[in-house]
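Presented below is the structure to which this report refers.
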C-alpha cells in the first residue's frame, strides 16, 4: 500500500474519511512520509505540495487542552456520520443545482463525524492548485454516530469560478431519503444562511434587537439560548424612553401665536386673535405666567393696555387688572420696575389698581420705584405712606400709636381724644420708679420737637393715661387708699395676661 501511495488530494481525503474526518497532524505526516522524502529540493517541493493539498481539503487546529495539532476535514467534504468510503459511494449521480446568486456561507457549525467523498461526479473537477480562502467554522464536536433516520443535511461543495457570478452546490440525499422517499423536517434541520446572518447581526447590535418584531425576536432568542429576557428588557426600556420623549406637551398653534404676539405687544395681530378666540385675553404664558396686560405694562405701552381693557369691556369679558404672574407680580409691579410712569398713572388712576398688593417676595409696587420718580407719582402709588410708616416716630422714636401699644380688648378704658402736641398731666403714684430712666430724656426730647410730628386729619393718634397698678410692677410699692383697691384688682385681672408687655415699657411724655 505504501509503495502505491501517491501525494494527491484524493489520498488525503481518503485518509481523513477513514478516521472520521479528524486525524492527528503527526499521524498524517507519518502516513505520507515516504512520498515526502528524497533529495533536498525534491523534499522541499513535496512538502509545499503536501501543504497545499492539505489546506485545500482540511484545516489544522490546535487542541487548547494539550496543544496537540489535529487535521479536520472541511465541512463541505463531510456529512453527519457515514461508513467507509467504498461502502458509501452513491450509486446514482448526485443532483447539481446551479444558481446565479452567490450563496452566503452557513455560519452555524455542523458536527462532522464521518465523511463522504465526492469524486463520483465526472462533471466536478477539483482545482487543488491554489489555497482556499474560505473561513472555516470552529472545530466540530466529537460524539456518537447518528442514527439512520437522521434528517437530511445539505452539503455544500467547493465553488469554482466556472463563470462570473455562478456557483455549483452538490446535494447528496441521505440514506433515509433514498429509502423512504421523503425528507422529514425537525428541529435539527440546518438553518438558512440568511437567518444565521441575521442572528449574528442582531446579537452584536442591541439597537437592531429593539426594532425586531415580536415574531422575529423569538427566533433570534432561541438561537442565543436564554436571550429572550434580555431582549424583552431592552425592548421595554426603549419603549419607556420613546413614551417619555413622545409624551411632551405640544403647544397649540393658536396659543403659540398668541404668546408671540402678546410678548411683542402688537395690537394688529392681537386683535385678530382676540376676535377669533376672546378667551385669550386672560390666557397666561406657561413660562412666566404673564397675561397680555402684563406684557403691555412691561413694555410701557399704555395705548395697548387701554385697547385691551376697552375690548374686554365691549365684549363683556372679565378682566382682572390685579392678576398675578408666576412671581406674584401684577401689571403695576412691572410698570414700577421698568419706570413706566404713564402706565402707572393709567393703572392706578383709571383702572383703580390695588397699590397694597405684594408679590411673592413681599414687596409692593411702590418699593420698586426709583429715586428719580416724581413725588406725585410716589404719592399716587402709596410710597409716601410707606416712608411715613418708616419714620423715626413710627419706629418708636416719637409718640406711639395706640394700635401698636394696647390690645384691642381694653380700648374701652381709653380717655377722650386729644389733639397732637397737647400736654397731658399724668398722675404718677408715689414711690414709683421707672425701669430705664436713661432713655426718658431722649424720648422726651424727640417728643417735644414739633417739626417732626405734623397732625394728619385722616390718622388721629389716640392718647390715654395708663394706670400703673401695684401687682403689675414688682418694684413699685405705692400707698393706695382702701377705696381704690377694688379697682386695682379688676385692672389686675384684665391686664394679667399682658403684664409682661407693660413691665419693661419705659416712661414717656405721653404715658408718664
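Glycine residues also receive a Cβ, built from the backbone N, Cα and C atoms like all the rest.
Of the residues 82, 150, Swiss-Prot records the annotation phosphoserine for 82. When the residues 49, 76, 395, 401 are compared with Swiss-Prot, the one annotated as omega-N-methylarginine is 395. Using a Cβ-Cβ cut-off under 8 Å and counting only residues 6 or more beyond its ends in the same chain, the repeat 'ANK 2' (327-357) has close neighbours at 288-289, 293-294, 296-298, 300-302, 305-306, 309, 321, 364-366, 368-370, 373-374, 377, 380-382.
Looking only at the repeat 'ANK 1' (288-317), the predicted model's pLDDT averages out at 89.
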